[in-house]
Amino acid sequence: MRFSSNSLLLGAVALVSAIPVQDSPRQRLLDGKPLPGKYRSKNPYTPGYRDPYDTAVDSIGKGLDPLPWRNGDGASVLGPWNRERARQNPDLVRPPSTDSGNIPNLRWSFVDSHIRIEEGGWTRQTTIRELPTSIELAGVNMRLDHGAIRELHWHKEAEWAYVLSGSVRVTALDYEGGNFIDDLSQGDLWYFPSGVPHSLQGLDPNGTEFLLIFDDGRFSEESTFILTDWFAHTPKSVISKNFHLAPEVFERVPKREKYIFQGSKPGSIEEEEPKGKNVKKSKYQFTHRMLEQEAHVTSGGKVRITDSKNFPISKTVAAAHLEMEVGSLREMHWHPNADEWSFFIRGRARVTVFAAEGTARTFDYQAGDVGIVPKNMGHFIENIGDEPLEVLEIFRADEFRDFSLFQWLGETPRRMVVDTLFADDKEAGEKFLKEIDNPVKDEITLPDIKNDEEEDDL
């Protein structure tokens with residue numbers, strides 16, 4: 001039998017086409033590898049997109065509209081759809097494939113909190129009523145214009161605060177009758193123990209804004225003990241006796257609480273501090289310059305920790321201030337002594353919380369959001385945006401404590417680690433052991449590594 005040259009060529013072509021090309025789309029899928037970018041959609045919220053690694057997507061930064069498609073599963077949305085909410089919560093719309101089980105909501109945005117508007121300022125709160133998982137701590141965001149006063153008051157709960165912007169004057173009286181006055185600016189803290197009476201006044205030409213933390217999630221700003229409220233509900237004959245003055249002197253005191261009001265322009269501390277032979281200054285330091293602390297520098301950012309070790313009066317609240325570079329990760333860790341109450345000051349992040357029993361859930365955060373991570377639950381914070389991420393981690397505790405997963409595995413017998421994680425892949429096990437050998441705790445880490453998905457998008 002004779003074959004023409006054309007038939008031989010056609011046969012050869014057919015034979016070659018029957019042999020799988022090692023880097024073809026079909027062969028990559030058979031090998032469990034992702035498709036290169038040229039073979040798939042660049043939009044992660046489409047049915048043709050594939051990502052076996054659950055890579056973070058910054059839907060706000062990239063201007064994407066999240067839809068419930070994941071690795072070919074899911075469907076489009078036909079009913080009503082809030083696009084802005086979807087952009088803010090892409091990992092609720094399309095959760096990572098690793099999410100599982102029933103975990104309660106751990107995210108709240110202050111923009112969803114009711115604002116109480118007063119003369120010269122406003123306030124809003126995030127408590128157990130707004131966020132049921134906010135059990136151990138409650139937060140209040142308050143604004144005072146220049147000269148505006150948060151009137152003389154006290155609380156059942158201890159009050160911790162972080163100045164977000166501007167400057168503020170704080171005054172207080174300690175348990176021993178000593179008075180305290182200080183002026184604070186952005187990044188400074190104050191702490192007033194339970195029952196300590198105090199006041200606040202905006203100083204900067206634009207006033208001030210701050211975050212208040214109270215050591216009980218059931219706290220309410222409405223439950224504050226306020227001076228004018230007490231006067232309004234006490235017989236004037238009693239007030240007269242208390243202050244040794246005729247009742248008529250108190251005829252025009254406020255009939256109701258003033259709460260926040262526009263005050264007169266404050267002078268310097270030296271001009272305004274009380275004087276007299278019976279007056280004494282407090283021996284307690286109720287304020288602290290957190291951002292003036294020397295930062296602990298990591299491969300991916302900076303960490304500052306303030307607790308009773310360096311701010312002794314703060315017995316019930318500890319905190320960490322994080323500055324995270326683009327692409328960095330607050331390493332996988334957990335806190336053994338308290339729930340984490342996070343406040344996001346700048347940037348965008350995703351957090352996955354592991355709750356044991358095969359359950360995990362991922363949440364997305366941006367500036368003004370509050371996050372909760374219950375005690376001992378494993379988690380990370382990933383900067384998914386295009387700018388540095390600034391976060392406060394706050395705890396109802398006297399000391400900041402955390403366990404690093406990286407450090408734990410690096411200080412565990414090597415055989416045990418490999419038997420647990422890499423029994424079926426000794427080569428990968430050796431790579432892992434080399435990486436965690438002689439571990440150094442890197443709270444905010446920025447590894448020089450990219451997966452296939454990230455390489456394709458470059």
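In case you wondered, yes, glycine gets a Cβ from its N, Cα and C as well.
From the options 79-100, 255-276, the stretch TrEMBL describes as region 'Disordered' is 79-100. Remote same-chain partners of the region 'Disordered' (79-100), defined as residues 6 or more beyond its termini with a Cβ less than 8 Å from a stretch Cβ, comprise 44-45, 54, 57, 59-60, 64-71, 107, 109, 350, 352, 358-364, 366. Here the domain 'Cupin type-1' (288-429) is broken down by DSSP into helix, strand and coil counts: 21 helix, 65 strand, 56 coil.
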